[in-house]
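Residues annotated as compositional bias 'Basic and acidic residues' in TrEMBL: 319-332. The annotation domain 'G-protein coupled receptors family 2 profile 2' is assigned in TrEMBL to 14-170. According to TrEMBL, the region 'Disordered' annotation covers 319-338. Per TrEMBL, the feature transmembrane segment maps to 16-37, 49-67, 87-106, 118-140, 166-190, 229-249, 261-284.
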Amino acid sequence: MPGPLPPTEVYASERVVVLVSCVLSFLGSSLLVCTHALWPELRTRPRQLLLYLSLADLLSALSYFYGVLQDFDRTSWDCVLQGALSTFSNTSSFFWTMAIALYLYITIVRGSPTGTGLLCCFHVVSWGVPLGITVAAVALKKIGYDASNVSVGWCWVNLDAEDRVLWMLLTGKVWEILAYVTLPVLYILIKKHINRAVSILLLSLSEYRPILSRAPAFQPRTSIADKKLILIPVIFIILRIWSTVRFILTLCNSPAVQNSVLVVLHGIGNTFQGGANCIMFVLCTRVVRTRLFSSICCCHYDELDWPLQRSNDWQCPEPHKNKDVPGPERTKPLLSST
């Protein structure tokens, strides 16, 4: 590998932007955790996985905030500590993001029952693998000052490590690239399955005149669910791609890695995941958003009803039950439009 590039200078304005992104991510992750803690009716299995993702993003935002605030210029004990925390939390965030997609694929597409065994497996992989990698990296002194060529002021893989490319891959990049491939594939399969199930449902309903008028009501809900299924991997890639671009530029020893726009986009992309999840699963989720605004305004909406099936924002309400309408296929859970 060619010799390292000179350190990238992170200007004060760039640091301010990234610090604001860290704060917003921290607030977004905190809000997701609070909604889970305050409202038991929202504690579905998918949102339980989202809680663990939010905890990882919360720790990630805190560690990045400290790193950007310090703007390290050498390896020190707090540089190593910050680098270890951000490595662990960032890698764990990748695993929990993929775990949510895998869970939805197993339950919606495969129709397989899930229990505590699968959740335990997710815990072992999503916490255990990042922890093992981080402990190994710290023990072998691979975490340290990286001249901000593959970061934005924080510490990551030590610039002086001869095998730094290998450790950059192990401590983040290989999992990031794996997520680029895995997430779109899984969500496309889920989306196709939902569209096929809805088509079968509407076709069945069309044979029954008394309930024909209810059929179009499913189309807006599934349409919004489709948009969410598309946006989840798209937002992830939009946020994370800039760090991958700078990583590749660093491998090529290109001075473009120090471009100010790339630096800012990298900083925002690595730190704003918690904020993006909050926008997607709180502010853009009708059931949670209405409940949140109701609590903030200290008022009560009489029209709101909170049965268990409404609280599961990953599922559409079951269609009108009629003993003449065939089919468990029609009532298979779908991702919610809310």
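Using the three backbone atoms N, Cα and C, a Cβ is placed for every residue, glycine included.
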Beyond the flanks of the transmembrane segment (49-67) by at least 6 residues, Cβ under 8 Å: 18-19, 22-23, 25-26, 28-30, 32-33, 36, 78-79, 82-83, 85-86, 88-90, 92-93, 96-97, 99-100, 103, 122-123, 126, 151, 153-155, 270-271, 273-274, 277, 281
Same-chain residues near the transmembrane segment (261-284), Cβ under 8 Å, at least 6 residues beyond its ends: 8, 10, 14, 17-18, 21-22, 24-29, 31-32, 35, 47, 50, 53-54, 57-58, 60-61, 64-65, 68, 90, 93, 148, 151-153, 228, 231-232, 235-236, 238-243, 245-246, 249, 292, 313
Long-range environment of the transmembrane segment (166-190) - Cβ separation under 8 angstroms, sequence gap at least 6: 87, 90-91, 94-95, 97-98, 101-102, 104-105, 108-109, 133-134, 137, 142-143, 150, 156-157, 229-230, 232-233, 236-237, 240-241, 243-244, 247, 335
Contact call for the transmembrane segment (87-106) against the transmembrane segment (16-37), three or more Cβ pairs under 8 Å: no
